[in-house]
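Let me begin by presenting the structure, written as C-alpha cells, before commenting on it.
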C-alpha cells in the first residue's frame, strides 16, 4: 500500500463558472475566489442582466475593485443571451477582449433567468456568428417545461435541445455547465473537441439523499438539483478517467442565510471558501489525484485556448474546519458556506 501524500502542489487553478453577484455581496465573496484562482468565468445573471459590452466592462471594473490588491486575478466576462441580442454586439465584445464567452439560460431555468432564451431559433444568428469567430457557448442545460420532472430536465435538454443545436452548429464550442447526470457525462465523453463540461464539488460529493434524508438541507439545494447516487457515481467516474474535456467549475452561488433557510428558499451553493479542499477530497477518495491538477488548472485553459497560469498553489494534509458563516455587509446578513462546520483534511496554504 502506498503512503498517503502529505501535500499537493498544483498550477494555480481557474474557476470556469462563478456567480459573484454585485454590491456588498460581491465585496464579501470575491476574495474567496481571487485568492485561490487566477481567472474565473463570471456569470452574467445580474438584475438587469449583462447583455452589452458596456455593461460587461462596467461589471468587470466593479469586480476588480472588490478584489484585494495582493491578489493576481482576472475576471473573464460573459454575455447573457436574449432573444433579441445583436450578433454584432457579441462579436465586438469578443474582439475587444471584454466577452470571453456567452451564456445560454433557458428562460426561467435558474436564478435571474427570466430574460433567458425562449428558443434556439431566436438566437440562431448569434450562434452562427459565435461559431464563426470561435466564441464558446456556455449552457445551463435544463428544459423548463412545467410538465417535465425536475430530476429529468437535464437529460431531456440533451435530447431535445443540445443535440439538435450541435448538429446545426457542429463547430460551435459548447460547455455543458455543472453537469449532474450520467446522460450528460456520457454525452461529453462521446463528443468531439468542440464539447466540454464543468462539474461542481457538491455534485461530486453528494447526491439527493444527502439533501433530503433525515431532514431538508437547504444549503445543498442548487440547480440543476442533486440527482440519484448513480448519477453522482457517473460524474466521479468521468473525472477519475482523466478525460481532458471535464474541468473545474464551482457554480458558487451565494445567497444570504435568510434567503436559503425559508419556506421557499433560493437555489445556490456558496462553495468558494472550501471548493479546492472539497475537490481534493473527492479526487483522493476515487484514487484520481494524478488527474487533480489537470482538472483544476489545465483542461479549462486548453478548451478555451488560453495560457496556463504560471504560479502554484499548495494544499497540505492538515485538518481544518469550514466556517459556520461569513458576514456580508454591515446589516447582520451572513452566508453559510458549503460544508459549513465540517472538517476537511486538505487545507490550502497561501
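Quick reminder: no glycine exception, Cβ is built from N, Cα and C everywhere.
Note that the structure is a prediction, hence the values are computed from the model and not measured.
The candidate list 71, 163, 178 contains one residue that Swiss-Prot assigns to the Zn(2+) 2 site with 103, 140, namely 178.
Among 76, 172, 223, only 223 appears in Swiss-Prot as part of the substrate site alongside 19, 20, 21, 45, 140, 255, 267.
Among the candidates 149, 152, 237, 251, the residue that Swiss-Prot names alongside 17, 19, 103 for the Zn(2+) 1 site is 251. Under 8 Å, Cβ to Cβ, and six or more positions away along its own chain, residue 178 (Zn(2+) 2 binding site) finds 17, 140, 198, 199, 200, 203, 222, 224, 249, 251. Across the fold, the C-alpha of residue 103 (Zn(2+) 1 binding site) and the C-alpha of residue 20 (substrate binding site) stand 15 Å from each other. Neighbour count (other Cβ atoms within 10 Å of the Cβ, all protein chains): 27 for residue 103 (Zn(2+) 1 binding site).
Contacts of residue 19 (Zn(2+) 1 binding site) defined by a Cβ separation under 8 A and a same-chain sequence distance of 6+ are given as 42, 43, 45, 111, 251, 252, 253, 254, 268, in order along the sequence.
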